[in-house]
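Working notes, beginning with the structure itself.
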Amino acid sequence: MPQLICLAALLCVPLQQVVTVRHARGRRVNNGAAGPRTPLKLTGGQDDFRGRLEVFHNGEWGTVCDDQWDDQAAEVVCRQLGLLGKAKGWTWARFGEGSGPIHLDDVQCSGNELSLTDCTHSPWGEHNCEHREDAGVSCDPYIEGSLRLVGGTENDNGRLEVYHAGVWGTVCDDQWTEHNSVVACRQLGFRSGGTVALQGLFGEGTGLILLDDVVCSGWESGLLTCAHSEWGRHDCSHHEDVSVACYGREHDTNLLGPPLRLVDGDSEREGRIEVRIDGEWGSVCDDGWSDRDATVACRQLGFLGRARARGLAYFGEGSGPIHFDNVKCKGNEQTLGACGHLASDQHNCRHSEDAGVICNFREPATAGPSGPVSAVCGKRRVGKRIRRIVGGSKALRGGWPWQASLWFDGLGERRFLCGATLISSCWLLTAAHCFKRYGPDPWKYMVRVGDHHLLVREEQEQELHVQRIISHPGYTRRHHRHDVALIRLVGYGEESCVYFGTHVSPACLPPRGRASRRPHSCYITGWGDTGRAYSRTLQEATVPLLSARLCRARYGSHFRGSCMMCAGNIAGSVRADSCQGDSGGPLACPSKPGRWSVYGITSWGYGCGVADMPGVYTRVSRYRSWIRRQTGVR
């Protein structure tokens, strides 16, 4: 038996995308690579992101009945398939009738589930439906008001079409001017504007005429910020369709400033700020980056609410050039390019300093210092993903509200040590081995909840001192048994410590005993290694739970199934195990529809990501009685 290694601090295997998505026969399919998750596919649509929903069960594909079918169920399907965009559920065989079995009926989702079978539904094969009731899904990658040019000779000219309510339509030329063309071209990414093309030059459109009487001043960031008629109201025919020709670099007058975009945010109103110069997108360095600069960037993008600046690659590191540095805006500029800044050949930055913004910022709601009864455990209240892919490396901000971090806070230094799990307003679970280096004195430690980026102070973030540390009396360093500890926070009363809100709430404790049904779609979370360096932003990965028999075969007598469990991918090229989280961090699994429980605490393993050697976790259900006696949490 090779030497066992306890992973005592940050753990070290890169996060990989476990739920993989591939194309099959021109349609989007989930191949079930994460374990028992039921494969899905969309068929019968005109493109890869919409179609009739089919599920694979008992060796054959079948449809889903549309009873109870809604947009929340569609959100889960889009998430499982790894498709971005707005989710919509369709009924009455919108994408044609299927054939073969109808596998599911009465599917009801909260919208937070990670796979369709996590939702409540009738037993497999039980239904009262016909194929004319087959459910459909669209995972629309286009946002309202998107533009495109159709029928042109190059990508910078053509008939102008706008996207609304799931369809493309044309724009009538009533009151259309050069100012309108400038705005449309700017939205399309052409920095120098455009002009009106000859009527009918690129042919007449078909279908809907969606906009009429558009009036722009020329400074707007997008066509929908201009005055216009109601959607679909017009007095036009298609021979009046607008056509435009946008200016390329050879016509660059630099009057309007370069176009901007937001990348890798959780919604369309936030992300890493990128600038397009000379046909290439690049980032902005965070030297001097402030809320005033963010306000101008958001204004150029069409967002007029409050803006918040983010630095230190809060939304991930970009690639390519760094176009701007030391941006200094007065706050009244219309474009970021109008602010003072250093050019791309004058900066002293790396992509770890990429700037970001949150537009139309809203202060996170909280419920006040809260007792354990004032927040329902196990609810993921941030559930709508706009541009995230489940199983990818970066977690959705606020997506795991019980995630906490334990810090050493003494001797003039502060150091991140371990992950932890919030189980009530004043109590957290973590691993006992997290305290072996600095000892059990509570004054040496600090806990942070609501955190996403370790180096950026965020509005929803809370820091609390530690009042007491209780390690399990049976914990032994040598054998890693009973590797569980409780942290009591300093609070405002007997059971009032943290403020609960959308980004901070407790996880449930798991069902009692070992006889409960083994869950799937379990997740490990933490600030582990991403393959290049320890992550600054919260990471996630999905892992299947493995049988005690398999774990004993790998670890022999070192594995004790009564108090330990193991999880991870032990076959194939994609590996995910305890190294992807942090020591002491949660292994969270859905315990019932819409509710999550902490089943395990990241404890130890052999090496890091070694083939056939999964990560080992403390089995939390084994310690429910001990936890209740110490904390009162049930």
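Here the Cβ of each residue, glycine as well, is placed from N, Cα and C on the backbone.
A TrEMBL annotation is a machine prediction, not a hand-curated record.
These come from TrEMBL:
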type: SIGNAL; residues: 1-20; note: signal peptide
type: DOMAIN; residues: 40-140; note: domain 'SRCR'
type: DISULFID; residues: C65-C129; note: disulfide bond
type: DISULFID; residues: C78-C139; note: disulfide bond
type: DISULFID; residues: C109-C119; note: disulfide bond
type: DOMAIN; residues: 147-247; note: domain 'SRCR'
type: DISULFID; residues: C172-C236; note: disulfide bond
type: DISULFID; residues: C185-C246; note: disulfide bond
type: DISULFID; residues: C216-C226; note: disulfide bond
type: DOMAIN; residues: 260-360; note: domain 'SRCR'
type: DISULFID; residues: C285-C349; note: disulfide bond
type: DISULFID; residues: C298-C359; note: disulfide bond
type: DISULFID; residues: C329-C339; note: disulfide bond
type: DOMAIN; residues: 389-632; note: domain 'Peptidase S1'
Residue pair C185 (disulfide bond), C329 (disulfide bond) - Cα distance, angstrom, rounded: 25
Recorded stretches the domain 'Peptidase S1' (389-632) and the domain 'SRCR' (147-247) touching, at least 3 CB pairs under 8 Å: no
Residue among the disulfide-bonded residues C78, C216 whose Cβ has the most other Cβ atoms within 10 Å: C78
Number of helical, extended and coil residues in the domain 'SRCR' (147-247), per DSSP: 16 helix, 31 strand, 54 coil
Length of the line joining the Cα atoms of C139 (disulfide bond) and C226 (disulfide bond), in Å: 28
C-alpha spacing of C78 (disulfide bond) relative to C65 (disulfide bond), in angstrom: 17
Cβ contacts of C359 (disulfide bond) (under 8 Å, same chain, 6 or more positions away): L262, R269, E270, A294, A297, C298, L301, F303, G305, A307
Alpha-carbon distance [C236 (disulfide bond); C78 (disulfide bond)] in Å: 37
For the disulfide-bonded residues C226, C329, the one whose C-beta sees the most other C-beta atoms within 10 angstroms: C329
Residue from C119, C226, C236, C339 whose C-alpha is spatially nearest that of C246 (disulfide bond), among the disulfide-bonded residues: C226
